[in-house]
């Protein structure tokens with residue numbers, strides 16, 4: 001798309017410094033020289049966050065696949081969320097590298113190739129956003145079932161159902177991501193994206209409020225069961241709290257970006273709106289921070305995850321040591 005994106009655009013960088021961007025939905029109207037400076041200033045930050053996020057989320061995925069105790073619907077949903085986090089970091093990092101290579105003249109790309117490359121990066125970011133929202137919602141539903149239908153949870157939400165649901169989510173996200181980028185010049189698409197974001201937040205907030213309001217009543221019902229039932233209930237509540245923290249971090253990190261979209265649509269010429277939207281790259285940094293923070297939350301809240309992380313890291317250390325000895 002023509003300078004309408006979630007991330008950097010490759011094409012304007014090759015334009016003359018006196019050229020101005022086209023009026024856009026996501027970035028607003030800014031000169032290419034200003035954009036060039038912002039890209040250069042943010043390159044190191046984007047690359048650092050991208051590498052950290054990539055390593056962390058790969059560790060999360062490996063831990064869930066390795067440890068059979070983590071082969072439950074909730075952890076598979078967390079694994080899917082980790083893939084979404086990894087996707088947004090990888091796409092931003094790759095685009096940052098590509099921009100740096102083009103700026104420094106190490107690679108000359110025809111204008112005809114810039115647009116498809118830019119669309120690929122933007123599509124990846126759009127897909128990761130929608131996938132994150134959908135995974136957080138389905139995790140909230142999963143936690144809701146564990147709290148209110150604890151005795152029937154394993155029949156309602158099986159591993160097979162969870163995996164099928166994850167596949168459906170990603171297929172739907174890929175389709176939506178491609179459609180959003182193809183029709184990105186239309187403000188209707190941005191309105192739909194904003195509406196989706198806030199609708200999902202309202203649904204998740206409703207689930208969590210209901211969950212915690214009636215949690216104590218449910219605990220009393222479980223108290224009549226053996227000790228195992230009480231332990232299971234505490235585990236479910238701990239899982240619900242963990243997902244609430246994840247949701248809170250997601251809102252904090254993504255809200256500035258969505259406010260940016262709202263201001264671009266509602267008041268593109270207002271001085272204060274233009275000032276806010278000029279910090280677009282900062283909002284991208286916040287989005288990447290979300291991908292870095294999530295794995296830390298998993299480790300902090302789950303003893304099983306911490307143990308598996310330690311085993312994987314130690315395994316790599318031992319393999320490295322053995323290679324050095326050989």
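Glycine is treated like the rest: Cβ placed from N, Cα and C.
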Kindly point out the range from 2-24, 278-300 that TrEMBL annotates with transmembrane segment.
-> 278-300
Among 25-44, 45-64, TrEMBL lists transmembrane segment at 45-64
If we call contact 3 or more Cβ pairs under 8 Å (sequence gap 6 or more), are the transmembrane segment (188-211) and the transmembrane segment (121-141) touching?
-> yes
Have the transmembrane segment (162-182) and the transmembrane segment (278-300) got at least three CB pairs under 8 Å, pairs 6 or more apart in sequence?
-> no
Taking the transmembrane segment (278-300) as reference, which of 45-64, 76-109, 121-141 has the most Cβ pairs under 8 angstroms?
-> 45-64
When pLDDT is averaged across the domain 'G-protein coupled receptors family 1 profile' (56-298), the result is 83
